[in-house]
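Asks: After the structure tokens below, expect a handful of questions from me.
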């Protein structure tokens, strides 16, 4: 970036460079309106386009918007010029955790605190269907209050990236921290791979060096694959037992987060984080649009705001056929281990009746209701394991007298969501669902809709 461009988008005053990589530079900056310190990540659009990293940048934006947690670096906003993409992010003053470990191993209580915060952040990511895949001390920052912040979601994956076998298959991560199943190029569970990396990090914090290290990369991979680790003499028995379960080369018997948080060593002095409020999920689409829209002014100009309306969802014949029984029971109401991201049901009731029914459910279950941008948002009042449960219901008009309602969890714990669906949502919505026994006349007449993909308008609320 040129030195003369000290004011960015009339919003930020750029300062010194904090670091740089192949495709981006990070600067300290000051918000001109609030005087708040931020970190500005500057990404070269041309380089990103040349190497085909557009999808990765889009995914990083979506993930950072999705994972709002006290121990995760927050994304404030996304801006762009014709040649650059700018991430305005939370500025973490303390620097990398790696630099602290480089000065020597940490005391057990200090290591435990960082590890507890790391697991809290990772568990939250997993609850949102996000796997980091590159956890290491260099990607863990420490703020001025000594709290850990997870950063760099550039290699992260969504749960939806899994193939038909339910596993991820992309090899990524830093060799010394990567799980055996990734090295062996088998399909892997992103959550279990992240837990392995957390185990390596805990070892490094307590020992001051890596558990698996060799000048020969293939020999290091052999040690990782076998879980061949030697503990230093100062490791306590509890630490050794915990690390043995974290660094188990068999992912099927490796300790899970649920078991980990109940471990005596982990529980000592543990204070769960106070969750942050979750943003409007439409910001994801706006930020992605901002980053890759070609119609932007240069650095000295103002960033162009994307359109506020969202593109209508398209449902084709196969979508409608799958809904012919009224409910898509496979996602919302079956006790599957893998919860679908969203579920739909069809109804002949008008939008006003649908909204009224959702408001009635919300009142019964002590949820707050917010109607915004074609969405009915239900916000739980109780703090759950992953913060407050939040559910979005979106209404689409197929014909003037036929509607599709899409329901999905936007925040909170999946198990708590399933419980709410089974005990609250499912019984209450039965009486407004289309039973599918008699063909809907106006739908039958709509031959163009049943033969090809057509847009369905979001009904105004």
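Just so it is clear, glycine is given a Cβ too, placed from its N, Cα and C backbone atoms.
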Asks: For the ATP site that Swiss-Prot assigns to 18, 19, 20, 21, 22, 23, 24, 25, 26, which of the candidates 41, 45 is also assigned?
Replies: 41
Asks: May I ask you to indicate which of 122-151, 152-181, 182-211 is given in Swiss-Prot as region 'Activation loop'?
Replies: 152-181
Asks: Out of 418-439, 440-461, which range is noted as region 'Disordered' by Swiss-Prot?
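Replies: When 418-439, 440-461 are checked in Swiss-Prot, region 'Disordered' belongs to 440-461.
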Asks: Would you mind pulling the DSSP three-state label for residue 26 (ATP binding site)?
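Replies: The residue in question, residue 26 (ATP binding site), is strand (DSSP, three-state).
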Asks: How many Å separate the Cα atoms of residue 26 (ATP binding site) and residue 134 (active site, proton acceptor)?
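Replies: Rounded to a whole number, the Cα-Cα distance is 19 Å.
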Asks: Select the most exposed residue of 20, 22, where exposure means the fewest other Cβ atoms within 10 Å, treating these as the binding-site residues.
Replies: 22
Asks: For the region 'PPI' (340-369), DSSP counts of helix, strand and coil?
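Replies: Split by secondary structure, the region 'PPI' (340-369) comes out as 14 helix, 8 strand, 8 coil.
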